[in-house]
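Working notes, beginning with the structure itself.
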Number of protein chains: 2
Amino acid sequence: MSTYHPLSEAQAIEYARHIPQLFQPGSDLTSQEIGDGNLNLVFRISEGATGKSIILKQALPYAKVVGESWPLTLDRARIESEALIIEEGLVPDLVPHVYAYDADLALTVMEDLSDHVIMRRGLIEGNQYPLFAEHIGRFMANTLFFTSDLGKNQQEKKIQQGRFINPELCKITEDLIFDDPYRDAETNNIDAAIRDAAEQLWGDSELHFEVAILRNKFLTSAQALLHGDLHTGSIFIKPDSTKVIDPEFAYYGPMGFDIGAVLANLLLNFAAQEGWSKDDASRSAYRAYLTQTVKDVWTHFEENFRALWNEHGVDRVFAAPGYQDYFLLNLLRDTVGFTGAKMVRRVVGLAHVADIDKIEDAAARERAQRLALTIGTAAIRANRQVTSIDELIAIATRAAERGFVL
Amino acid sequence: MSTYHPLSEAQAIEYARHIPQLFQPGSDLTSQEIGDGNLNLVFRISEGATGKSIILKQALPYAKVVGESWPLTLDRARIESEALIIEEGLVPDLVPHVYAYDADLALTVMEDLSDHVIMRRGLIEGNQYPLFAEHIGRFMANTLFFTSDLGKNQQEKKIQQGRFINPELCKITEDLIFDDPYRDAETNNIDAAIRDAAEQLWGDSELHFEVAILRNKFLTSAQALLHGDLHTGSIFIKPDSTKVIDPEFAYYGPMGFDIGAVLANLLLNFAAQEGWSKDDASRSAYRAYLTQTVKDVWTHFEENFRALWNEHGVDRVFAAPGYQDYFLLNLLRDTVGFTGAKMVRRVVGLAHVADIDKIEDAAARERAQRLALTIGTAAIRANRQVTSIDELIAIATRAAERGFVL
C-alpha cells in the first residue's frame, strides 16, 4: 500500500481495518465515498455492529473541478493533517480528531462528523446557530494568536512557517480571489444576466488599487497559521457543536483572511435571502440574525484575542501602550477588505456558493448576485478606513435596503 | 575533513589546495586569519608565485562577541553562500564571486577583495565614494525586486523563502535592534555619559509604540530576500568598485530594513563628524557629502526599482494605477523607520560602530552619540508620516544645527 494510488471503497475498508484500536478485529465494515469536493476522495467507514464510524480522506493529485489537467501536490494532505493536529491542540472541541496520517497515500483518518451538517446547507435551510459566533470567534482567536509572533515562540514560529509553505494551494487563492474576478479571465463563471456588473469590475481602477493592496498582504504578510479556506462549507455544525474541517489551504498569512472568509460567507447568505426568504418579514428577520452573527463573530474573536494577548503574550515590545488597539484596528480593516474580496469572487469567479447558485428563480438569483457584488465591492473600497465592525454591517444593510449599484 | 571543526591556518591551506582550477599544483600557499568578526573565521590564502588569493570563510558554532555561550547555527554558512550566489546572479559586479561551498565545514570559498577597504573605515578616514550611491541603489533594487512577489515567480518565491528561514540570526536582530535598546537590558552597552538619554528611551512609550510596529514588520513582512545586515561594515569599497559581503542574516523580510541599514550607517558617520572633522567647514562639507549620498542612495534605488517593475513586473494586479506609488511611499516610510532603529541600537545597544566609538575625545564622542540618538529617535517618530527622503535629511541637518534633545 505504500505507493500512492487513489483508494477504492474496498481498499479504504482494508486500510481502516488495520488502524490500531479503532474497529473490532474481523468486524463488518462498510464504506461510502461521500466527497462532493473538487480535490479529495472522502470515505466514510462504518462498523455495523457498533455503529462506530470514521472518515478517511485522501488527496487526489489533481483538481476535479477542471478535470485532471490541474495537477495538485499531494503534500496538501500533510498540511491538512498537521494543521488539524495543531488546531486540535489549541481548540480540541472545535475540530475533528485525527486518528492517523499516511504520507505515502496522502491520507488522513479522522473523526466522523455525520451528526453535523455543513453550515452552508444549514444556513440555506434557514437554521440559526446561536453558539456559532462564540465557537468560531474562539477558534480563530486561539489558532491565530498561538501561531503568531504574539503568542508563539518567535523562532519556533519561523520553523513552523517553513513547514507550511503551500505554494500550489496559495496560487489557487491568488488567482481565483485576487486576480481573475477583476479581469475577463477564462476561469471566471459569470451569469449572462450580470455581465454588465462584471464588466464594471474589470474597468474599475480604484477597486483594482485596493485589490492590489489586499493581494500583497496575502502574498507577504506572514502573521499566523491560517486555515486558509474558512468558508461555511468548511464548517460542520449542529446546534451545540461547531467543527472546522479541511485546512488544506493552511499557510502563514494575514489573520484577516480567515476572519473575512467567515464574514463573507455570512454576508453571501445575507444576499442570497433574495431567493430563500418566503416574505419580507422573514427576510428581515433572517438578515438580522446574520448581521448580528457578523457582529458577534468579530466581537467574540476580538474579546478572546485580547484576553489571550493580555494573558499569554510572549513579546514584551508588543505590550507597548496603544499597540494592541492599533493591531486590532488594522486587523479589522484587513478583515473587511478580505470579506469583500471573498464575496466578489463567489459571484463572478470560478467557484460560486450554493447559497446563491441554488436559487431557482432567475430574477431573485440575479438580485442576490448584484447585492453580493454591491456589498463586496463596497467593503473592499471601505476597508482601509473602517473603525468598527458596525460599518461593515451598515454597508450590507444599506445595500439591501436601498438597492444595489452593480 | 567531513566532520565540522574550526580550521587551523595550515588546514585552510590544505583545503584551498584541493579546490579545482584555483591554484597551481604544489605551489607555495600562505594563509592569514584576518577575521575581525564575531561569528566566523576568515582566512586569506595567497599563492606566492602568482599573487593570486582567495578568501575562505568558515562559520563558528558560537558568537565570539559574548564568548562561546551564545551558540549559533552553522546553517548560516549555507544561507550566506546561497544568498551570495543569488545576488551574483542579479548584480554580478557588486558581490564577491563564490568558488565553492562546503556544507560539512560550514565554509565558503570566495573572491578576495583585499584591494578594497571596508566602507566604514573609508568613511572614518573621510573618503568620498561618488559611485557608491549608484552601486548600492542598483544592488538593493535588483536583489529586492527580483526576489519579491513583484519580480519573481510567486510560487518559486515561497519555496525560496522556505530555504531562508533563519531563526537564530533573525533573533539576534529582534533582540538587539527591536527590543534591548528600549529597556534596561544586560546586553546593552551604554557609555555612562549618556545614561540619561538611554533612560529617556526606556520611558518613552510613544517611541515604544513605533518600535513595536517596526518589530512586527521585521517579524511578519516577507517582502523580499534581504541581505539582513547591510551596514557599511558589510561593504567593501574602492573608488571604482563596491562589493557587498556577509549576507548570513539573509531572510525574507521587509525591504526597508536593508535600505534603512545603509542610510543609518551613513547618518551614524554624519553624527560621528563631531569627532572626526578638523573644523566646522570640513564638517559641513563632509556632512553635505553624506546627506547627498543618503538622497542619492534612495533616488538610485527608487529609479532602478521602478524601472525593473515597469519592465520585469510579473504581477498583473500590481500594475493597478497608483499602486506602484503607494508601494514606494510605504517603502520610504519603512526605510525611515528602520534607519532610526538601526541608529539607536548602535549607540545604546550591544554592538556599536567604530565611527563613534573610536572618537578619542570624550566630549566629542558624547556629542556624536547624542546626535545619533536624536536623529534616530526622530526618524522612528516620523516614519509613518514622511513623504520624501528629504525629510530624513532635514531631521539630520536640523539636529546637527540646532543641537540635540537626547
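FYI, residue positions are counted from 1 along the chain as it appears here.
From the backbone N, Cα and C atoms, a Cβ is placed for every residue, glycine too.
Of the residues proposed, A:ASN40, A:ASN127, the one TrEMBL records at the same ATP site as A:LYS57, A:GLU111, A:ASP112, A:LEU113, A:ASP246, A:PRO247, A:GLU248 is A:ASN40. In the predicted structure, the domain 'Aminoglycoside phosphotransferase' (A:32-265) carries a mean pLDDT of 95. Separation of the C-alpha atoms of A:ARG345 (substrate binding site) and A:LYS57 (ATP binding site): 27 Å, rounded to the nearest whole number. Sequence-distant contacts of A:LYS57 (ATP binding site), defined as residues of its own chain at least six apart whose C-beta falls under 8 angstroms from its C-beta, comprise A:GLY35, A:ASN40, A:LEU41, A:VAL42, A:PHE43, A:ALA77, A:GLU80, A:LEU107, A:THR108, A:VAL109, A:MET110. Rounded to a whole number, the distance between the Cα atoms of A:ASP229 (substrate binding site) and A:LEU113 (ATP binding site) is 19 Å. In terms of local Cβ density within 10 Å, A:PRO247 ranks first among the binding-site residues A:ASP229, A:PRO247. Cβ neighbour count for A:ARG345 (substrate binding site) (all protein chains, 10 Å cutoff from its Cβ): 25. Long-range Cβ contacts of A:GLU111 (ATP binding site) within its own chain (separation 6+, distance under 8 Å): A:ILE54, A:ILE55, A:PRO96, A:HIS97, A:VAL98, A:TYR99. When the binding-site residues A:ASP246, A:GLU248 are scored by other C-beta atoms within 10 Å, A:GLU248 scores highest.
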